[in-house]
Amino acid sequence: MNEYTDTIVAQATPPGRGGVGIIRVSGPKAKEVALAVAGRELKTRYAEYLPFKNEDGSALDQGIALFFKGPNSFTGEDVLELQGHGGPVLMDMMIRRILKLEGIRPARPGEFSERAFMNDKLDLAQAEAIADLIDASSEEAAKSAFRSLQGAFSTKVNELVEAVIHLRIYVEAAIDFPEEEIDFLSDGKVSNDLHGIIDNLEAVRREANQGSIIREGMKVVIAGRPNAGKSSLLNALSGKDSAIVTDIAGTTRDVLREHIHIDGMPLHIIDTAGLREASNEVERIGIERAWEEIQQADRVLFMVDGTTTNDTDPKDIWPDFIERLPESMGLTVIRNKVELTGEAAGICHVNNPPLIRLSARTGEGIDSLREHLKDCMGFSGTTEGGFMARRRHLEALEQAAQHLEIGKEQLEGFMAGEILAEELRLAQQHLSEITGEFTSDDLLGRIFTSFCIGK
């Protein structure tokens, strides 16, 4: 158990007015704070309604006090929670009262969760899940984050780590005891176990990718010439009149944003100004901002007015626009206004990039676009039993997979046990980064400072 010499305090509830405000204290002097503020020693894990006292003995507030004796607390230390009225002035008065006591300081962002991690009350993936649960923007995200907090992700990672460790032991035994008559590397066990680990890791990666999509979402930019129907498409996808729609070209001058969910997948939709030669300074700024958003998009919906051209290849429709796009940019061509052209709505899988015919005005073909966007992100829509994952988790899983593949190649091609053992060690190291078993102090600092103060 990690020992901290100082005691920290912070408001655990959001700042602002509220019916209830909670102040959390953690550290070796939490019991002294309880004695000073409550005026008496508190029973462990027992809610007591009493006045909260100032240093002169007068009452500042009244409410519920809870004391948790370490290590049986969230942080693993002595913890005091004071639940009073949630006025911002009152909360500030209470915290200033506590800070006057010797050895108490304000908590850093995420420091309560950091202490819980350092005291082995939860691992790093679970600690991150606390922040993800608080920030969840949908029911699916909240459920996935809670499953991660309960250890669903960590359990899968730990199972992989254990499997890698056992295989390392077997391989290194073969290297260290070459005089044994059994050829450990060629008896099939190592190869079978390695393939099993690789398959299990790939399954975890697929689940983690779904969890990352639920957390991060997809940034989709609608771009094209003026009056192609971009704002109408934004309204159709969001289900409300987010953007003004007129027959006047250039109505949209600035970037418009909407956040929606498709079967639990967050979608950040951005409508941009029509791209053309600017006729004035305001339009020029709008077009510049449009290109800034396009450069940062996960996918661009290239909006085309179907009544102006029969072409379906974007290079034929607008070569200058396509040439300016990043090579790796995901692109979908949207032929709008099928209600006027008479074309059948839906997706055409023959084209590259994909082509979707729809009517942003009537909504025909919008469901095909929604399904297409899910497919583009590899989102299955099945979140039952899944967990939340972050970008760093995906990177660690990818690194581990790469090392296992290298080890497999060395084993199958050269029977190189020493190299396989090293690749297994590196794979184990990357997997352990997810739960914090092997993590740099710098990474821990970046993770916990992104938390709320009081968490």
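Including glycine, each Cβ sits where the backbone N, Cα and C put it.
Feature annotation from Swiss-Prot assigns (6S)-5-formyl-5,6,7,8-tetrahydrofolate binding site to R24, E81, K121, K455; the stated evidence is sequence analysis. Neighbour count (other Cβ atoms within 10 Å of the Cβ, all protein chains): 21 for E81 ((6S)-5-formyl-5,6,7,8-tetrahydrofolate binding site). Taken residue by residue with DSSP, E81 ((6S)-5-formyl-5,6,7,8-tetrahydrofolate binding site) is part of a strand.
Taken from Swiss-Prot, the feature domain 'TrmE-type G' covers 217-378.
The GTP binding site feature in Swiss-Prot is assigned to 227-232, 246-252, 271-274, 359-361. Counted within 10 Å of its Cβ, the other Cβ atoms near N227 (GTP binding site) come to 19, all protein chains included.
Per Swiss-Prot, the feature K(+) binding site maps to N227, T246, I248, T251; the stated evidence is sequence analysis.
Here Swiss-Prot flags S231, T252 as Mg(2+) binding site. Here the Cβ of S231 (Mg(2+) binding site) has 24 other Cβ atoms within 10 Å, regardless of which shown protein chain they belong to. Secondary structure from DSSP puts S231 (Mg(2+) binding site) in a helix.
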Taking each of the binding-site residues R24, K121 in turn and counting other Cβ atoms within 10 Å of its Cβ, which one has the fewest?
K121
Proximal residue to A360 (GTP binding site) among binding-site residues R24, E81, K121, S231 (C-alpha distance):
S231
In Å, rounded, how far does the Cα of A273 (GTP binding site) sit from the Cα of E81 ((6S)-5-formyl-5,6,7,8-tetrahydrofolate binding site)?
51
Among R24, E81, K121, which are recorded as binding-site residues, the nearest neighbour of S231 (Mg(2+) binding site) by Cα:
R24
Rounded to a whole number, how many Å is the Cα of K121 ((6S)-5-formyl-5,6,7,8-tetrahydrofolate binding site) away from the Cα of K230 (GTP binding site)?
50
What does the structure give for the C-alpha distance between N227 (GTP binding site) and E81 ((6S)-5-formyl-5,6,7,8-tetrahydrofolate binding site)? Integer Å is fine.
58
